[in-house]
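Before any comments, here is the structure.
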C-alpha cells in the first residue's frame, strides 16, 4: 500500500520552518522502504500539455466530418440540442474526474481503474476493456477518415498510400513515449484551436456579406429550409445526434488517463484549470462553430454526408466556406482536418496502449503487458495497438463510408459507458469518505458541481443509452420500421459490455453487485492534502506510510497534517 501526504505550509521570516519541513522530506525519501520493485510510467507530461489536451484533444472526425450527417438528418437545431445535452453532462463529468485524478494521480490507467476500486471489479473489467477496444478501433477509423478527406483534392489517388504515411508517422511519434505524444498533441491541438477560431471569424464575415460571393446570408437558412429537418421525426432525429456528439466530445478525459505520466508540480492547479476549461471548449469549438456552419449550409445541401447524394462527401466546415465563393480557405481547413485526424489517431494509439497496460496491472489482462522498457514505455502494449491500426487499410474497400459509420457508432456508445462509470465512481468515493467521517478538505481539488453533478451526468448518460436503443431499433431511414441489422450496428457496444461483465462474474464467481462504501479503498495511491495548505509548493511527500518519520519531528506545521494522516489511515 502506498499513501502520500502533501503538506503545504507558510514560511516564517527566517525561513526556518520551511527548512525543517524540507529536511523531513529528505529523511522520508532516504528512509522509505521499497516494497518490491515496480516499474512505473515516466512522468513526461507538463502542465502546458495538460492545458492543450483538455482544450482540443479528441476534436477530429466526429466534429469536423461526422457532423455532416447529424446536420443533414436533424438540422442545425437538433444538432445543437444534442451537443448542448452532451455539454452539460461533460462539464459535470470532468469535475468528477478532476477530483479523482488529483486524489489518485499515480493510479495506473487513471479512470480505467475507478470502476474496479469504487464500484465493482466486474464493471471495471467490462468498461475498461470496452474503452481499450474503443480507442483501438478509433485508430483505423481516423486513418480511414484521412483517406476520405484526401478525396477532396484528388479522388483518383490510392487511399492506402496516405494511410501508410499517416500510420508510420503515428507509430514513430508514440515510440518516443508520453513525451512524444504530449508534444505532438500540443502542436496539433494548437493548430486546431487557431483554425477553428479563424473559421468562426471567417464564417461571421461570410454570413454578414463582408466576404464571399453570396452576399448577406443572415438567418436565411434557419428560415428556409429551417432549423430542423421536417422530413424526419424531430425528436428521433435529435436523439440520433447524441452518439455522434458523444464521440466528438470524447478525448477530454485523457488528462485523467495520462495522470500517472504527468509532472506532479502544482497538479491540483493544472488539473483544476483544465477541468474548468471544458465549458469553454464545448461552447467555442462545438456550439459556436456548429452554429456558424448552420448559418452557411442548409441541412438539405447535397454535399453533406448522409444526405443521399452521389457527390464526394465533404466536411461541413469545408462546405460552409466553399459554397460561398472562398477558393483558398477550404483547402486550408481540409488540411487542418487531416491534422486533426492524425491528432486523434495519435491519441488513440497512446490511450489504448496505456489502457491495456492498466488492464494488465489490474489482473484484467496477461501480466506480459505490464512490462516497460528502460524508458518507462509499454512497448508491448503499443505493438498490439499498432496491429489494430492495420485495419485502416480497408480504405481501399469501395464502401469505406459504411465502415466509417459503423465504427463511429460503436465508439460513441463506448464513450458513454466510460463517462457513466467515472460519475458513479465519484459518487462512491464521496460515500466512502463520508462513511469514514473524513473531511473533504483532504482533497487537493473538489468538484465544483459536487455529487449532484455526478448524479445529473449519470442520469443523462443512462437516458442516452435508452434513447439510442429506440433510434437504433427504429432508425430514421426505415420510416419507423424495425431494422435488426442497423440495431446491432449502432448498439453493438451494449451487448459487448454485457458480455464482458457477465463473463467476468462467471469466471470470478463474485456475484456482489457493489462494493460496500466502508470497504472501498480510498487510501492506496492517494495524495492527501493538509487543510492548512497555503504555500503552493509541496514541502512534504510521504511514501510507503512513513508515519513514524513524521511523528519524531517537533513542528507545529506538521502536527495538524500528521493528525489528519493518522485519522485517514
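Glycine too: its Cβ is placed from the backbone N, Cα and C atoms.
Worth saying up front: this structure is predicted, and the values here are computed from it rather than measured.
Of the candidate ranges 448-471, 520-543, 544-567, TrEMBL annotates residues 448-471 with the feature transmembrane segment. The feature transmembrane segment, as given by TrEMBL for the ranges 11-33, 80-102, sits at 80-102. Residues 41-42, 44-45, 139, 143-144, 146-147, 150, 258, 261, 341-342, 345-347, 349-350, 353, 375-377, 379, 382, 385-386, 389-390, 392-393, 395 of the same chain lie 6 or more positions beyond the ends of the transmembrane segment (161-181) yet place their CB under 8 Å from a CB of it.
The transmembrane segment (483-502) shares more Cβ pairs under 8 Å with 123-141 than with any other stretch in the list 123-141, 317-345, 448-471. Ranked by Cβ pairs under 8 Å to the transmembrane segment (50-68), the stretches 80-102, 234-257, 278-297, 317-345, 448-471 are led by 234-257. Note: the stretches the transmembrane segment (80-102) and the transmembrane segment (234-257) are in contact (3+ CB pairs below 8 A, sequence gap of 6 or more).
Among residues of the same chain six or more beyond the transmembrane segment (317-345), those with a C-beta under 8 A of the stretch's C-beta atoms are 56-61, 64-65, 68, 138-139, 142-143, 145-146, 149-150, 152-153, 166, 169-170, 184-185, 188-189, 191-192, 195, 199, 202-203, 206, 211-214, 217, 251, 289, 292-293, 296-297, 301, 303-304, 389.
Across 193-222, 234-257, 278-297, 381-397, 448-471, stretch 381-397 shows the highest tally of CB pairs under 8 A with the transmembrane segment (123-141).
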